[in-house]
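Participant: Please find one structure pasted underneath; my questions will follow.
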Amino acid sequence: MKPIFAGYSRFPQFLLLIAMGAPLAWGAQAPRIKFDHVHTYAEVVSYLEEVVAAYPEITRLHTIGQSYLGKDLLVLELTNRETGDGLDKPGYWIDGNLHAGEVAGGEIALHTIKTLTSGYGSDPKITSVLDDKVFYIMPKLNPDGSDHVITRPDNLRSVVRPFDDDGDGQKDEDPGEDLNGDGYITMMRVRDPNGALRTSPDDPRLMVSVTDGDDPTDWQGEWTVYTEGVDSDGDGRFNEDGVGGIDINRNFPENWQPHPISYQPGPYPLSEAESRAVVDFQLTLPNLTGLINYHMSGNVAVYPPSNQRVDPLSGDKVRASFEDEKIYKRMGGKIADLVKDDVEVNVFKIHGASPASWHGSIWGTYVDWAYFQNGIFSWIFEFGVYPQTTAALPARPSESERLRISDKMGGKLFVDWQPYDHPQLGEVEIGGFLRKIYMPDYGTYTSIGCLPGERYDRLLEAHTNWHLYLIEQSPLVRVTETQVEALDGDLVRIRARIENTGLLPSYVTQQALDTGIAVPVRANIELHNAALLSGSASMEIGHLEGGSSRSGKRRAWVEWLAKTQAGNGTPMATVTAVSQKGGTDSRNLELR
């Protein structure tokens, strides 16, 4: 669908926005949204339109590009523009649904939008945050892929652009199929004495490796397993080339590698519409201090690097700086406290060095680009992929643990094996674990990690609170004191104290400082009915440390000499502190 918004133009020519009135707008009703299913792109567009109409003074809707199928890529900006434009405030970015089936991030983003808009003006913390800072929230980074997974029985990792997965010169020619018409694509098992699996002695619904167990006499093959479907292209393999294939989280320019070094990274960095749009737009937001990119793989908060980086000159291994890593661990510890589950917080696997050991060699990731090239704190949070209506599960629960949870939920997560006459394999059995559940009230599928319930609601709230915590860490540069001293004649001395009242330094990361992309703080002065005699109208004062730093300067005094002029009006000065990451702040002074 093509949503039509009144009063917005397309990026990059202009920032796309809708803005009018004050929250709540006169006659508007607060938008309603329930987290009892995963929302489609159309539902998200409708909700964002309602949010902008209801809260025009604190929202702007940006269209930053179009997806492969032509859907508008939407980012909601949230800040009180009465206290300044968003670009003049520290910013934080949140997105979800980069990977098609990892839908929790989109729901977390929507929950954060609901909390911020409904709380502004009544909740002191939210009001303070949106007065001084700005959120950029993108619920659907990959709307094509998300809708595909939500509305169809098959699964998809990333974008829908056709891709030749198996290298046979054809694209998307052998997807999985729902053969038995139950609404799901599960697994097929075929009896095979040479198969790699046999029936579990503990539960006949499960299978184990042939060599599982201590008694070699039990090591007899029984089953070969396939994804449900047929061999559509006749190459002897089943469902090896489904819809899409390119992984946009291997498509970013930092540490990018071609296939097969990196798995399905696209033909070149930023070849995909979605990744290119995100990078292009974020480069117009120099005020960003951090971002979270949500995924679903078992309660893990991870930070860069995603793979081993090597300095091209020295050949030394490179990781996040020691100073930045301390901050990463503190930030990650907060979500562990909020979620109250066993959340791992660590760097991605570096040759086995990380507890997040299932991450293999990962190249060209979004968060690596954001940290190493854009100089901001970037996170991947892997939301739990298994049902959040129960107690926390291990990051990689065993099949017996998953089956136990399914049984407690009335068998919702497992389809019992049923015989089926396969046109190519003959007699097979179809069944196995589900990754999503059909919701007949909505006609869509919901990930089993997003099944509604009290615990799921609590996790949505916990992540929203983490977002507030993270943006509150931002630098916040202010003019905290001014002095005007009358000298001989018409001369005046003007002094101002510029201070970082936030927690992070004005450069945000040591990475930004080390690579030279951090922009120093400046102090500007504008005179009315006065002339500047000494001192620069725009004075660089360097970087200012934040409250989390144990050393270094947090504040600096600047001084100017001016001569007042007779004329209309009182001689005035406007002193402005300008920090790329810490915002802009001004004070007006009478020169007398």
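From the backbone N, Cα and C atoms, a Cβ is placed for every residue, glycine too.
Values in this document were obtained by computation on a predicted structure and should not be read as measured data.
Below are the features I grabbed from TrEMBL:
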- 37-413: domain 'Peptidase M14' (DOMAIN)
- 158-183: region 'Disordered' (REGION)
- 162-173: compositional bias 'Basic and acidic residues' (COMPBIAS)
- E382: active site, proton donor/acceptor (ACT_SITE)
Participant: Sort out the residues at least 6 away from either end of the region 'Disordered' (158-183), same chain, that have Cβ-Cβ distances under 8 Å to it, and list them.
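Facilitator: Tertiary neighbours of the region 'Disordered' (158-183) are 67-69, 98-100, 142, 144-145, 148, 227-233, 235, 237-249, 264, 272, 274, 415, 418, 420, 422, 430, 438.
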Participant: Once the chains shown are all counted, how many other Cβ atoms turn up within 10 Å of the Cβ of E382 (active site, proton donor/acceptor)?
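Facilitator: Around E382 (active site, proton donor/acceptor), other Cβ atoms within 10 Å: 23.
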Participant: Return the average pLDDT for the domain 'Peptidase M14' (37-413) as a whole number.
Facilitator: 90
Participant: For E382 (active site, proton donor/acceptor), just give me the three-state DSSP call.
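Facilitator: Looking at the DSSP assignment, E382 (active site, proton donor/acceptor) belongs to a strand.
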